[in-house]
């Protein structure tokens, strides 16, 4: 239906900003066992005597969680035209289960933009059907890598799904199934293990995309750190009793947005590439996604860092821009690029540097983690919190200065996006004054109260999302905070995107609590944990109101509330205590709306059948070149092929065709193209860049499709090209 002018403006404002992100780029310099939190706390600290033997049991598991790779809008850039057209890299869920005594905790890294309570709730329900009350919302901790190139529509909060055209049951079920499967696999291979902690610095890997905001932090605080980005890679490796490797967990502060908003292939981006590279290194004979040794990569303090190290330029004039002081001409977009010549090369460069840093840490002696295992979790209603303000210089809480949280709201600069996306309307960042017309437009969604305006100041409220509840709440009011105590490492679970200094304050505060109780301050920030709440800035960064601050939805004291909570959590973990569970948020899945069209039917063109080869590969293919085959296709949404592949490259070996590359491989790309919506016709194209290591034996491409009839029946089929030789 036609929308009114006002309606179009409202939707445009909403969609412009839903989520933006940033990556990173990296070279590395190793410093074995960097145990500080990037400050000068390098001295030795006393701690309790280590136990005679480690009694951890650890399970690792990986599962394919790839969602519908076509016709569903990607989650991240809020770009309505960015719906899937195939696969660059598959999505995987990697699960790690730790058990000691009566305590068990699950930690998952899932290759999605973020997770939410809805997905986590269903995963826990699935686990409880298998294992009873062993797993719960308290001890199942799920994180997202924050890739912006995967299908959305699964977070349930309205504003997070609106740019995907609502709730996607296909996406939701795919993610729940994959995450559940990875945890089940980890549960089934629990073994006695020791945990080894290591860190290394990954230099020149990213840049701060909001240095103006960062520089508004106290000079004395900034002087504690060498750079305005967090360049530490933190690692926990899991070794079996015989010393062999069982799994690896890595944390690094990188936005997974090397693949930009023009990309339409499902991709796990730079962290996904790093994981595949590391698993290939540790499992050289295994296909992608099928490793015995699992390598998980987690995001950390990623809020204000970008992988696009060549900086932001106007797309036509090539002038420098920043969405605030340096603006492009009307209808000329400002966005960042690099370090590669295109987004695929940039993804490889960034991913390679993270991988190299992880391997450097893996080769270091490390320090064994020993001691207790604990998980502390609480549901927190942010607008009801009143806490002492944190002093970042004295590193103390001031009980004489209480601060509070706010109802969720987004500021004007939210609509500007970041330099890693493209702002077609050139809305400026750093906006501190409202606009009467946009205030009216935003008021159609929901009108902020006088208290909202006061609470969020100096942020001018564009969308009072905390007051909007149609058709379902637009933003969460209750969030999930967690802390895992793993030996003597504190893993701080932040449900959004903390900026560099926000992460540093969390590490400093938790580290100080640990130090006062005789532990070395080993702390890692795990971003995008359990929920998506946009950004977490410092109070000082909030005053500047760039994109990150405008997207800090609970107001200027969001970080102070978290600091108070994580201080409490750390004490509870050390003293073997707990905290009140808090009020669990409502389940709104039954109230979701969707405008996503289903697959109606597939049909081959006249005088064709499904799988017919339209374009054969050449008879001879040189190494280092790309071979392509095209088939009469069917919609990949009919069968997501989790744990399988839509297409593969096969090699003839001893009279049998064996798979040598699948659609999760870096060197392959799977494309689907609709030819006619009315006729239901489509075609599939599969390309493979032949590696230098390819054998000279005959090869072929096999397409594995699934076609839907008008009455909903799914028919599977396979088709192969002619064979070709490698030279």
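Residue numbers in this text run from 1 along the chain shown.
Quick reminder: no glycine exception, Cβ is built from N, Cα and C everywhere.
Remember, predicted model here, so these are calculated numbers, not experimental data.
As recorded in TrEMBL, the features of this protein are as follows:
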ACT_SITE  306  active site, nucleophile
BINDING   146, 255, 497, 535  Zn(2+) binding site
DOMAIN    56-562  domain 'Neutral/alkaline non-lysosomal ceramidase N-terminal'
DOMAIN    574-726  domain 'Neutral/alkaline non-lysosomal ceramidase C-terminal'
SIGNAL    1-24  signal peptide
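Of all Cβ atoms in the protein chains displayed, 31 besides its own lie within 10 Å of the Cβ of residue 497 (Zn(2+) binding site). When other Cβ atoms within 10 Å of the Cβ of residue 146 (Zn(2+) binding site) are tallied across all protein chains shown, the result is 29.
The shortest Cα-Cα distance from the residue listed as 'active site, nucleophile' to any of the binding-site residues (146, 255, 497, 535) is found for 255.
The Cβ of the residue listed as 'active site, nucleophile' has 29 other Cβ atoms within 10 Å, all protein chains considered.
Here the Cβ of residue 255 (Zn(2+) binding site) has 33 other Cβ atoms within 10 Å, regardless of which shown protein chain they belong to.
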